[in-house]
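Per TrEMBL, the features are:
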- 8-62: domain 'Myosin N-terminal SH3-like' (DOMAIN)
- 67-753: domain 'Myosin motor' (DOMAIN)
- Gly161, Glu162, Ser163, Gly164, Ala165, Gly166, Lys167, Thr168: ATP binding site (BINDING)
- 632-654: region 'Actin-binding' (REGION)
- 884-1109: coiled coil (COILED)
- 1152-1179: coiled coil (COILED)
- 1211-1238: coiled coil (COILED)
- 1280-1349: coiled coil (COILED)
- 1419-1696: domain 'Dilute' (DOMAIN)
Amino acid sequence: MALAELYTQYNRVWIPDNEEVWQSAEITKNYRTGDHVLHLLLEDGTELNYPVDPAPLPPLRNPDILVGENDLTALSYLHEPAVLHNLKVRFVESKLIYTYSGIILVAMNPYKQLPIYGDAIIHAYSGQNMGDMDPHIFAVAEEAYKQMARNNRNQSVIVSGESGAGKTVSARYAMRYFATVSKSNSSAHVEDKVLASNPITEAVGNAKTTRNDNSSRFGKYTEISFDQRHQIIGANMRTYLLEKSRVVFQSENERNYHIFYQLCASALQPEFKHLKLGHAEEFNYTRMGGNTIIEGVDDRADMMETQKTFALLGLKEDFQMDVFKILAAILHLGNVQMTAVGDEKSSVSLEDKHLNIFCELLDLDNDKVAQWLCHRKIITTSETVIKPMTKLQALNARDALAKKIYSHLFDFIVERINQALHFSGKQHTFIGVLDIYGFETFDVNSFEQFCINYANEKLQQQFNLHVFKLEQEEYMKEDIPWTLIDFYDNQPVIDLIEAKMGILELLDEECLLPQGTDENWLQKLYNNYINKNPFFQKPKMSNTSFIIQHFADKVEYKSEGFLEKNRDTVYEVLIDILRNSKFHLCADFFRDHPVPISPFRSTITVKSAKTVVKPPNKQFRTTVGSKFRSSLYLLMETLNATTPHYVRCIKPNDEKLPFEFDSKRVVQQLRACGVLETIRISAQSYPSRWTYIEFFSRYSILMTQNELSLSDKKKICKTVLQRLIQDPNQYQFGRTKIFFRAGQVAYLEKLRSDKLRQACIVIQKNVRSWHQRKKFLRIKQAAVTIQQYFRGQRAVRQAITATALKQAWAAIIIQKYCRGYIVRKLCQLIHVAAITIQAYVRGFLARKKFRKMLKEHKAVILQKYARAWLARRRFQNIRRFVLNIQLSYRVQRLQKKLEDQNKENHGLLERLTHLASTHANDLDTIQKLELELEKLATQKKTSEEKGKKYKEDTEQKLSKLEKQNAEMQEQKTFLEQKLQEETKEMKDKMDDLTKQLFTDVQQEEKQRIILEKKFQNEKQDYEKEIESLKGEIKTLREEKIKLQGQIQEEHIIQDDLKLEVGQLKKQAKMIPELQKEIELLQTQKMDVEKQVQSQKREMREKVSEVAKQFIESYDVEAVRSRLSIEDLEHLNEDGELWFAYEGLKKATRVLESQFQSQKENYEKEIEALNFKVEHLSQEIIHLQKLFREENDINDSIRLEVSRLTSENMMIPDFKQQISELQRQKMDLEQHLQEQAAKTKGKMEEMPNQVHHNLSEEGQRRTLEEQTETHTKEEKQIVTIQEIQETNNHLKEQHEIENEVKSKIKQEAFHLTLENMDLEEELDMKDRVIKKLQDQIKTLTKTIEKANDTHVPALPPKEYIGMMEYRKEDEARIIKNLILDLKPRGVVVNMIPGLPAYILFMCVRYADYLNDGDMLKSFMSITTNGIKQVIKEHAENFEMMSFWLSNTYHFLNCLKQYSGEEEFMKQNTPRQNMNCLKHFDLSEYRQILSDLAIRIYHQFIHVMENNIQAMIVPGMLEYESLQGISGMKPTGFRKRSSSIDDTDTYTMTSILQQLSYFYSTMCQNGLDTELLKQAVKQLFFLIGAVTLNSLFLRKDMCSCRKGMQIRCNISYLEEWLKEKNLQSSSAKETLEPLSQAAWLLQVKKITDDDAKEIYERCTSLSAVQIVKILNSYTPIDDFEKRVSPSFVRKVQAMLNNREDIPQLMLDTKYLFQVTFPYTPSPHALEIIQIPSSFKLGFLTRV
């Protein structure tokens, strides 16, 4: 589309204006090509005919929707007035001082402190992409830091601008950002030192000028060094072109450097009295400007700050005093009076006070100084001449000396700062911050302005090349054809200044001449460049000036003083005097010494652009210009080797008024700083760049239905653009973006607004039409109703007569009968047809149903037998499994009881021995007992040797089993190969196959009968053995009865001792018996396994042969064709051969799976044998422990005899329990036999012979398993662990078989019911046993009471809630219970806080022993262990939650059992009995409380880290309300490095994360109050982070985004309600965010609206409310911005509030945590240690 076509009515343009530079006007008449004028209407209402021929058309104004953009290059029309207007709207109306212009950050000086630089703002910008947040100096700093970290490339931040534009502050904020985000954990505090360098350099290098109260009078490049972890390790500073002339001269209303005034303000301080200073008005060098005070600045306080920063950098007071001495000497030097002696001479009085102070401070000779201030020495080839100077020359020499001293002092201070910032490590990367003067033009411009503008020419050239390079990279990245863009190249101006025979070289040449003058040098410039170089001009009215055409503007320079400033001459005699000073610092300044190699050398190799000729002697000194050129070359090389980032500071007005915008001054600076050049380069190509998604969402309203039907959005956008914009040169399609020429986006916006306007008209039209039509239809209906009734009444009156009524009635009767006849005839016909059809259909369906029923009947018969067989198999296996478990459990209990009884018998032995020792006449008996103990010791040794031998034998057996396992694997492979070979050979005829099949079935039937007989015989043998075992049990009972009688006869002590010793011998002899029994069981197991394997192998071979023959040889049709009808009927009657075929296939698969699992079974058996060995070794250790205890028998018998007497009465009850268990075992065996008989009967009834094959194999396996079961039942009393392991093996086999039978659900359910009945019976029996145990306890108590008078009884054996441990086991407890414990294994099936309870039970044990050292050691190692596990898993949320819960429970246990009344109120009596007895642990409670708070804070920190990345994308960016877009696509062009590499999070992600936190805290048993506090803290973080991001994202401040935020808040509230956390006060923390969302949605026009905002937004501060109002951004043209007058109204109302003027919420704020006391309901006595904790060395007391 042609640009001229956009000049239509209602569009707006910009026309030049003398006051505002540009003025807006509206087009009142469409412009057509060839018109001479453009009809305009100005904003003040005046009409204007703007001439456009031959003048160009005025620039178009952007639509309001694009005004206020964050990036100037996102504007559709890119030109000077658009840029100026966008900056003005953002600065004046929205109070936004930062704006992007491509890669430039334009920073407007607000002349007011703004709350946008706090640490919260820094953290908000940290990690964000440059285009995601509002423009800010922190965003540029973050971009530089991110590119450095990502690309390992050095970066530079170039800050430039006029004096007073805010360069120094911007550079300071950038450095502060780097210091904050890269803060290291070291104690060196390098970041603080880097920041501390700023106040010092500002004190000695900044001064008050007419434009700025803190103007930097030098250029500074600060190189901040980073290590590989991207943390600051040091810095280096380079300075450029210090304005030395300011030391001796200041213009009106200007000041000298700040440090002089700070010294004068501190002159009365004791430490400065020796400097003999006074007020600044007393010194010439500080009073020239006429005003020595800056409003609002306290020089005394600044001096203290300067001293403090000196100290922070490690510069001690001695060094500081040396510096202050030199500064005071300069001030006194300026007050030295020169007296004229005639016209050619001058003198200085030796009595001059200031001269004497100057010499005193610098330790100089007064006479020499006074002489050579007024004389100079001229050295020729033949003689040396001393020439007096005039007063003017003497004053110039004095000032030159002062400038020289200050220049050296400045360089020295910078060098010492660099030394303080020196780092020992290796620099990995760096970021340079360049704070340099911007382009300057004054009424009088001299050498300083020339050098400044020269530097800006070099920087502008580098900037242009970089912008051009970025544009080229963007085009190449998007595959856009690259066209050469014409941009301004200032190389000719640079050549004019620095090339050979350029201005600087001619100046240096003139400086070398003894008689060189400014006039001669200027004449050389005129001769060389006038009319030869277009960039050099001579002023028309002056012969002492020259003009250079810089990139920004023409500048006229006065030649006066150029040579003197370039020479920077100080007479050599004065230098020698200072060099010989006894004041070391002053002397060092002027000594000849080589330039030291800086320790801060950059990683960049810098080469000079031109060859520099070294001066042969001192006469050819380096000039200021050549020095500056060399340093500028070095700077440019450094910048070219880094990635630059640009900050252009703009001064909005010269009066320093806050938020006042002077358009003329701003435009002047925009032209000078290169912003408009960036705009011009962008405008020449494709300035507007939108992603396809943004374009589709914005302009989908312009698309047709056919276009929207396409699935590819990229293709849709291309189609739409080709239709809307006819000229293809106006846009380009990139890979991810669409590139538009200038004005095309505005044209599309016009089409969009026209379409929306037309749609509004259509909607209005249809709504109004609908409304009127509805009204019309209502009136029409009313009229028709009236007409109906009126006409009806009239017709009735006219038509109703008697004759008419009769005729009508007769006609109706005739019609009735006629119609009835016709209908009856038709009905009869249909009835006959329907019956006929039904007859045929029903017959067909009946036959079909009969055939189906017949098939189903046959199938049901097959299924019945198959399912019955499978069900019986499953029931038998389950029942056998349950019985084995029950038997093992009961036997374990019996074994435990027997062990307890053995211990009690052992105690009885000890007591009886004690009774024997009390009798004096039984000494011989004690000697015999000692002999017996010696024999037992020898037996112990023999038993240990046997145990070792047994261990070796078991290891050999294990190796044998491994060999057998390998052999089984070989057999398996061999059998598989053999199976494959045989399947290839088995392809005979069908007749032979069927015969062989029936013969095999008959053989299997015979084998089954033989096995049944064998089973019956073996069963009878087993019953006999069981009866013999019963007899043995009876004999055992008799022996125990005899033992009881012997115990009751206390007078026969010797016989009882012998019997007890004999029992101990029997126990020692049990080890070889156990070894023999294990060997016997192993041989029996191996025999049974071999038999089972051989039978399985035979069956597998036979079944596989049959299956393979069926599968490979024949198909169904071939078999059917070869069998006769009779054979088929026979087969069908016998149970369907095809079902048998399927059964054989399934059986084959089952056998293969069993064969594969054989290896696993053997491995498990090996593990079981290892366990047996370990168990036996433990028994041996136990016996050894018994023998050791017998060595101390004389000390313990006295205490145990009484308890043995009382508890011996329990033996008959135990015998009765054993007999009861034996009887139950017999009942279960009988029940098992009955089930086996029933199964056998059902199997015999099966008619299917093939099915018999499968069932017999299963029966054989069942018989074998039953045989094994009975064999093991015989040995259960002696070898309990072997039975349990065998049962486990059987269990694994049953589980494998059950996989084949998983489909039989109904039968399994029936078996489950029977199993439940059996379990109920067992439970009843367990209850009976428990009752018997209770009776035993009561009997024991009565016996103890009866024996109280004779022997003191010990308390009964009850758990009292303690854990016995040894002190050397403390480390193991901490390791297993704290350091190595995994939370997931604890929280599943155990009580919450179980580790805490175990720890406290150990504490109770230490308290019970009254061992303070032990208690202190345990508490210390426990707290240290918790600290260690927290430190090692500092980022593990589950671990933090787990140990926060356990620490809290541990703390509550210390309170609950402390014995204090306030904690004992809710305890049970038993809990109160368990309170600590000897120690007050309040000190440790405080330690644990502090530790819990520390864990809680780390716990909150981990949760915040996990959820923080989700908050802004989920709460702010995600649009929960589909179809209501809350964001305006801006077309912002992100940096190439600002890749959005973050995951896309939604509101669902936040809710899922919160649910994960909640479920984990609940699983870990975290207290409800603590959980609520954690949720409250999380919700505060969500609200604060979202609100902070909203403040910093102007594009998010819209009405629709407020709706989205409100919807997301409602999701959070629903989550709180779902988790029943409404009382946690978490909802209240979201109130500021909720009010901000409401503020975005509410109307903001009238005074009532302002009042409502004031009343409703109570949780937002005044600064926050004004920020949201100023940032409010309409998304469509139909919305309106908030007017500045409305903002002022609201602000006036908010002035009454007394709130903190803080913009950002503190996301690091933590609510105070409280740990409520909640007593534990769990009794310590019932707590047991799981085996997974590996704390078997702890014993419950």
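In case you wondered, yes, glycine gets a Cβ from its N, Cα and C as well.
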Per the Cβ under 8 Å criterion, with at least 6 residues separating them from its ends, the region 'Actin-binding' (632-654) contacts 87, 91, 101, 103-111, 137, 140, 143-144, 147, 151, 153-162, 164-167, 170, 174, 211, 221, 238, 240, 432, 434, 438, 454-455, 458-459, 462-463, 466, 602, 604, 606-609, 660-662, 665-666, 669-670, 673-675
Under a criterion of Cβ-Cβ distance under 8 Å and sequence separation of at least 6, what residues of the same chain contact Gly161 (ATP binding site)? Ala107, Lys167, Gly438, Arg648, Cys649, Ile650, Lys651, Gln669, Cys673
In the structure shown, which of the binding-site residues Glu162, Ser163, Lys167 has the fewest other Cβ atoms within 10 Å? Ser163
Cβ-centroid neighbours of ATP site Gly161, Glu162, Ser163, Gly164, Ala165, Gly166, Lys167, Thr168, 8 Å, sequence order: Asn109, Arg211, Asn212, Ser215, Gly438, Cys649, Lys651
Across the region 'Actin-binding' (632-654), what are the DSSP residue counts per state (helix, strand, coil)? 9 helix, 8 strand, 6 coil
These are the binding-site residues: Gly164, Gly166. Which one scores highest on other Cβ atoms within 10 Å? Gly166
Can you give me the average pLDDT across the coiled coil (1152-1179), rounded to a whole number? 59
Thr168 (ATP binding site) has how many other Cβ neighbours within 10 Å of its own Cβ? 24
Is it possible to list how many residues within the domain 'Myosin N-terminal SH3-like' (8-62) are helical, extended or coil according to DSSP? 0 helix, 25 strand, 30 coil
Below 8 Å Cβ to Cβ and six or more residues apart, same chain only. Which residues does that give for Ala165 (ATP binding site)? Ala107, Asn109, Asn212, Gly438, Cys649, Ile650, Lys651, Gln669
